[in-house]
Amino acid sequence: MAEVNISYVSEFILKGITDRPELQAPCFVMFLTIYLVTVLGNLGLIVIIRVDSRLHTPMYFFLSHLAFVDLCYSSAITPKMMVNFVVERNTIPFHACATQLGCFLTFMITECFLLASMAYDRYVAICSPLHYSTLMSKRVCIQLVAVPYVYSFLVALFHTIITFRLTYCGPNVINHFYCDDLPLLALSCSDTHMKEILIFAFAGFDMICSSSIVLTSYLFIIAAILRIRSTQGRRKAISTCGSHMVAVTIFYGTLIFMYLQPKSNHSLDTDKMASVFYTVVIPMLNPLIYSLRNKEVKDASKKALDKGYETLKILRLSK
């Protein structure tokens, strides 16, 4: 791509989810509530996993990083989105837009591969339980988390640099509630054909690689479960993977709908609704999915709440 690093646009205007005045206040309250639940849920999950020694296992190590990623990419999008409901003209500076796009891509791609790492962890736990502690050593776990972070950062940096080296010399209204690649390309007066190919290629590669790991892991897991003769053993194995399967289905289903459909079928309004789901709703759902279906997390949460309540009682009595 031979575009010169010159832009006639110093800021963008985010159109937001809706421009209907009667929906602004209800939407603000709804998304504020969702964001608060997201922050409390993910932060709470991270804290509980860190402080409870019973949860210092590979599965919860990955889960704490998933909660961190959900918290980060929701925070990169939701606060700015809510501004659109309380101001008439929601502007974002050129460089802030680049930063938001970079953060969003980094954490979204990281989540793809973290879910794959978690699927591999479940595969080892069910298919090779006797070798679990060796195969999922601390060093291996750190590598399975570090690689997604480093890879996603490099890919996000690459895409962000290319997108913001394009020339923006005309309209600056982004038909979206955050800075995303496709809506930005619609505003560029440069040739965006190569960039569109790169988006499709990288999105396809990331989803095919990560989903292949997930799918292969679960095929082996299902085969192992079918070989278990006792009903109780099968239930225990299924409960171990149930939460992760739900989270994977929701996340990948939304991304496939968003990025791997033909260009002729793309509607920015439809994409906007899909984006709301995976940038706002999924980060809220994940801690609920993993905690409500997990006895160990529920027990640890109850223990932490009881301990906090006892501490408050002691503080009150000491006054």
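Glycine residues also receive a Cβ, built from the backbone N, Cα and C atoms like all the rest.
What Swiss-Prot records for 1-25 (among others) is topological domain 'Extracellular', and it gives sequence analysis as the kind of evidence.
For ASN5 (among others), the entry in Swiss-Prot reads N-linked glycosylation site.
Feature annotation from Swiss-Prot assigns transmembrane segment to 26-46 (among others); the stated evidence is sequence analysis. Away from its own ends, the transmembrane segment (26-46) comes close to residues 17-18, 63-64, 67-68, 70-71, 74-75, 78-79, 81-82, 85-86, 280-281, 283-284, 286-288, 290-291, 297, 301 of its chain (Cβ-Cβ under 8 Å, at least six residues beyond either end).
Positions annotated as topological domain 'Cytoplasmic' by Swiss-Prot, on the basis of sequence analysis: 47-54 (among others). Here the topological domain 'Cytoplasmic' (47-54) returns a mean pLDDT of 86 for the predicted model.
Residues annotated as transmembrane segment in Swiss-Prot: 55-75 (among others).
The topological domain 'Extracellular' feature in Swiss-Prot is assigned to 76-99 (among others); the stated evidence is sequence analysis.
Sequence annotations record features per position, and here Swiss-Prot assigns disulfide bond to CYS97-CYS189. According to DSSP, CYS97 (disulfide bond) is assigned to a helical segment.
Per Swiss-Prot, the feature transmembrane segment maps to 100-120 (among others); the stated evidence is sequence analysis. Away from its own ends, the transmembrane segment (100-120) comes close to residues 59, 62-63, 65-66, 69-70, 72-73, 76-77, 80, 92, 144-145, 147-149, 151-153, 155-157, 159-160, 163-164, 178-181, 184, 206-207, 209-211, 213-214, 217-218, 244, 247-248, 251-252, 255, 278-279 of its chain (Cβ-Cβ under 8 Å, at least six residues beyond either end).
The topological domain 'Cytoplasmic' feature in Swiss-Prot is assigned to 121-133 (among others). Applying DSSP to the topological domain 'Cytoplasmic' (121-133) sorts its residues as follows: 12 helix, 0 strand, 1 coil.
For 134-154 (among others), the entry in Swiss-Prot reads transmembrane segment.
As annotated by Swiss-Prot, topological domain 'Extracellular' applies to 155-196 (among others).
Taken from Swiss-Prot, the feature transmembrane segment covers 197-217 (among others), and the record attributes it to sequence analysis.
Annotated topological domain 'Cytoplasmic' per Swiss-Prot: 218-237 (among others), in sequence order. Using a Cβ-Cβ cut-off under 8 Å and counting only residues 6 or more beyond its ends in the same chain, the topological domain 'Cytoplasmic' (218-237) has close neighbours at 119, 122-123, 126-127, 245.
Positions annotated as transmembrane segment by Swiss-Prot, on the basis of sequence analysis: 238-258 (among others). For the transmembrane segment (238-258), the list of distant contacts is 111-112, 115, 118-119, 122, 125-126, 203, 207, 211, 214, 218, 221, 225, 271, 274-275, 277-278, 282, 285-286, 289-290, 293-294: same-chain residues at least six beyond its ends, Cβ to Cβ under 8 Å.
Under the heading topological domain 'Extracellular', Swiss-Prot lists 259-271 (among others).
The N-linked glycosylation site feature in Swiss-Prot is assigned to ASN265 (among others); the stated evidence is sequence analysis.
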Discussion item. Is the transmembrane segment (272-292) in contact with the transmembrane segment (55-75), using at least 3 Cβ pairs under 8 Å (sequence separation of 6 or more) as the test?
Written reply: yes
Worksheet item: So what sits near CYS97 (disulfide bond) in its own chain, CB-to-CB under 8 Å and at least six residues off in sequence?
Response: GLU11, PHE12, PHE164, ILE174, CYS179, LEU184
Discussion item. For the topological domain 'Extracellular' (76-99), give me same-chain residues lying six or more residues beyond its boundaries with a C-beta closer than 8 angstroms to one of its C-beta atoms, as numbers and ranges.
Written reply: 7, 9-17, 24-25, 27-28, 31-32, 34-35, 38, 107, 160, 163-164, 174, 177-179, 184, 279-280
Worksheet item: Around CYS189 (disulfide bond), which residues of its chain at least 6 apart sit with Cβ under 8 Å of its Cβ?
Response: THR167, TYR168, CYS169, GLY170
